[in-house]
């Protein structure tokens, strides 16, 4: 952090909130090119070191060369042949070749098999001909595509020898390396302002009979021979590895966004005083109001839970991809299911949580001075990109239904799915102690029941004469419920195991145990219907949980500020007047207001152009607008 925050280069730019969209893009481009240069000079090679340096230098300012780093280069590394890697990686690493990952189209996003862009092989010239045959087939939304990149990896339907061989990736040069002008047959540009992401030139791309060499198809796993013969990959989903990597990263990014929002809102809640508790008495810190605690403390617990989930997801990705590299594809279905589920679950929970944190800051939370709008518009797109969340949950549901089928056939299940065999007649072990194992049991019971209910729904529809496809569509709400319940159980169990198995100071472990219990108990109380539908909890146990929830809020209150301080985010990363470490909130708000560009002149030109004439009854100037 200090390497970045103390570098005068990053201090010379005006505040992000006061920049135009074009300035946001241009300034962020300068920053990230400088970051790229400094990482090499400082020999920062570990991904985690690069991440922290970048976060401190440009917090929540998405890089105009970000997709080049996190998708373009990794895809070449994972999907390219040795010859392709030797040819492209040196160019990419030196930024002579700047690329992105062009998958999403105007008419298709998450449904990858429905993409319309075509790549037709011509055996006479040994080239692929790429086309955008319809308006909906143009690539639309890929980051960095609009104005920054000169190459992109294009996802397209491969046609060879008159057959459609499905989706494959192709390296396409889109701009001249010297002039940066679009090449023949290429129409490319920026898609315009968005809800946030002003630093990023998300773009569109239309291809008209663009010819590329046969060698520009990424051919590590699938191939097209010179005569047009197609060689299948060992697994059709093996080409989606880059998306899984980004999904794994989204979990951690979402957790960090919520954590930063919690730092701001909880610190501010400890500073802000509002309404006297007793007539004539001192105004209370708003963090001492139980309603404020009820909104914020479960989010604090969620940020920790999601952080542990993100760490697990990244480690699991590295482990599984290493196995895939070695030819073992057994864990691939689990990787896809876990990454899809945690991506959706974390981005939903954390984006909603950031908004709640903003609301907990009252009117000041609406100002960019709080730092919260910047965090929110950075995290919320994660609900859509790299897979729309409802679709992601249905992918998880397909995996769950396959696991349920295996259970019915007496086959072995992966370790994290073995809870599905639980006896649904078994009731909760919950007592006044509210033991962690009983909380995990509750979540797994709910998930197992919902999975069985969804499977039973589909089976009943099939028996009534519906086709399997119709039965699936008629059960997707229940399937989504089951997938969410599964993810909730997975995250809860992971949180519990992390706290129980970790080696730490006993006082720290006790505090974290309270936070873990709050996450689990709050989740049950907020979703009570799913836990009592089959009388798993009785009314006495529900009252125990409700009482425990209020006790946990009181337990966490003395440590709440310490919990957020433990994230160790410097003020330069938070960029928040409300979340300042020194608590000088009001002076910071005053200084921020005075720095507004609109205050550079005491009287704006608009006063003389419009207000003054209107006061004198003269309105003719309006006709010049």
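Using the three backbone atoms N, Cα and C, a Cβ is placed for every residue, glycine included.
Of all Cβ atoms in the shown protein chains, 26 besides its own fall within 10 Å of the Cβ of residue 386 (active site, proton acceptor). The feature active site, proton acceptor is assigned by TrEMBL to 386.
TrEMBL lists 104, 143 with the feature FAD binding site. A C-beta separation below 8 Å, combined with a sequence spacing of at least six in one chain, links residue 104 (FAD binding site) to 139, 140, 141, 142.
Residues or ranges marked as domain 'Acyl-coenzyme A oxidase N-terminal' in TrEMBL: 4-98.
Here TrEMBL flags 240-401 as domain 'Acyl-CoA oxidase C-alpha1'.
Look at TrEMBL and you will find 437-614 tagged as domain 'Acyl-CoA oxidase C-terminal'.
Annotation for residue 143 (FAD binding site): spatial neighbours 62, 66, 67, 100, 197, 200, 201, 202, criterion Cβ-Cβ under 8 Å with sequence separation of six or more.
Confidence for the domain 'Acyl-CoA oxidase C-alpha1' (240-401), expressed as mean pLDDT, is 92.
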